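What follows is a single structure, written as C-alpha cells, with notes after it.
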Amino acid sequence: CTPDEKEEAPSASSKSEFSDPVYKEIALANGHINRMSKIELSAKLADLKLETRGVKDVLKKRLKSYYKRQKLMQTVQTESSSNDTYYKYICVVDFEATCEESNPPDYLHEIIEFPVVLINTHTMEIVDSFQEYVKPEINSQLSDFCVLLTGITQETVDKADTFPNVLQKVVDWLKEKELGTKHKYAVLTDGSWDMGKFLNIQCHISRIRYPQFAKKWINIRKAYGNFYKVPRTQTKLTTMLGNLGMKYDGRPHCGLDDSRNIARIAMRMLKDGCVLRVNERMHAGQLMSVSSKAPVEGAPPPHCPHSRN
C-alpha cells in the first residue's frame, strides 16, 4: 500500500501496462461502489462472504480491492500480484520503555519489554509470539507513572535480563523460525518510535551496534493511512481498530497485547488487498522513508550486533 496507489483507472498518459480494458472495468466498478450506501456496501460484502465490519470508507476500499483483484486475475497481466510481493512472515514489534509523566527533552528511554508477534501472511494467522522483560541500566527505578501505564512492576525488571542478552534471545528465536534464510520476512511497528527512537537509544546505552535485521521496517500507521486514504489523526492503534470494526483485546500498553492487536490490523489490511511493504529505515542513525518504488526486500538473516568500540 503506497502513497501513489490509485483506485481509479490511470490516465491515458500512464504506462502502456495500464492500457488493458480491464482498468476501465475497474474504474466503472469503483464509481458504482462510490455511490453505494453503507448498508448496500455491507450487504454486498456479506454476499461475497467478506468481512462486513468497519466504517464506510473501509468497506468501500475492501470492496474495491476485491473487485480489482478479481478483474486482474482474469487477465494475463496480474499487476505483479504473485507471492513475491508479500513477505511470508511479518514480525510485529511494540516495545515498552521507561518513561516519566513529563519526560525531559534529554530523557533516555530504555526498553523494558521486548515482544514479537509472528504473522504468517499466507495463512493469515498469528503463529507464535515472543516476550522478554529487560532490566534498565540508567533508569533502574521505574517511575510510578511507568508502572501504572505499562503494568510492568519494579520486581519484574529487577529480575529481568540485560538488553544485549534479551536481544540475543530474540535473534535465536528468529533463527529457529528460519527467517531471512528459508523464509522472507519483515519487521512491522506501530509508528516510527520503536525502531527510530527506542531501539536506537537502547543500542547506544547498551554500547552495541544497531542490529541489521531491524534497519528496515513497515510502519503500519503510514501503510494504513495510505491504503485507506485517511489522515494521520486516524492512525492511532485504537482508532485503526475501531475503523476496521474491531475492539482492543487485552491490556493497553502491554507490549505483547499491543503487538497482537497491531497484528490483527495488519492481517485485516492484507485481507482487504493491501500489499504491506517496508516503508521506513534507519541510515547513519537517522530515520528515513523508503520509496514505494524501491524493490521489495526481506530483512536479512538475524544476527546479534557487535559491541561498539
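Each Cβ is built from the backbone N, Cα and C atoms, and glycine gets one as well.
Taken straight from TrEMBL:
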- 298-309: compositional bias 'Pro residues' (COMPBIAS)
- 33-67: domain 'SAP' (DOMAIN)
- 89-275: domain 'Exonuclease' (DOMAIN)
- 289-309: region 'Disordered' (REGION)
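In the predicted model, residues of the domain 'SAP' (33-67) average a pLDDT of 92.
With DSSP states grouped into helix (H, G, I), strand (E, B) and coil, the domain 'SAP' (33-67) comes out at 24 helix, 0 strand, 11 coil.
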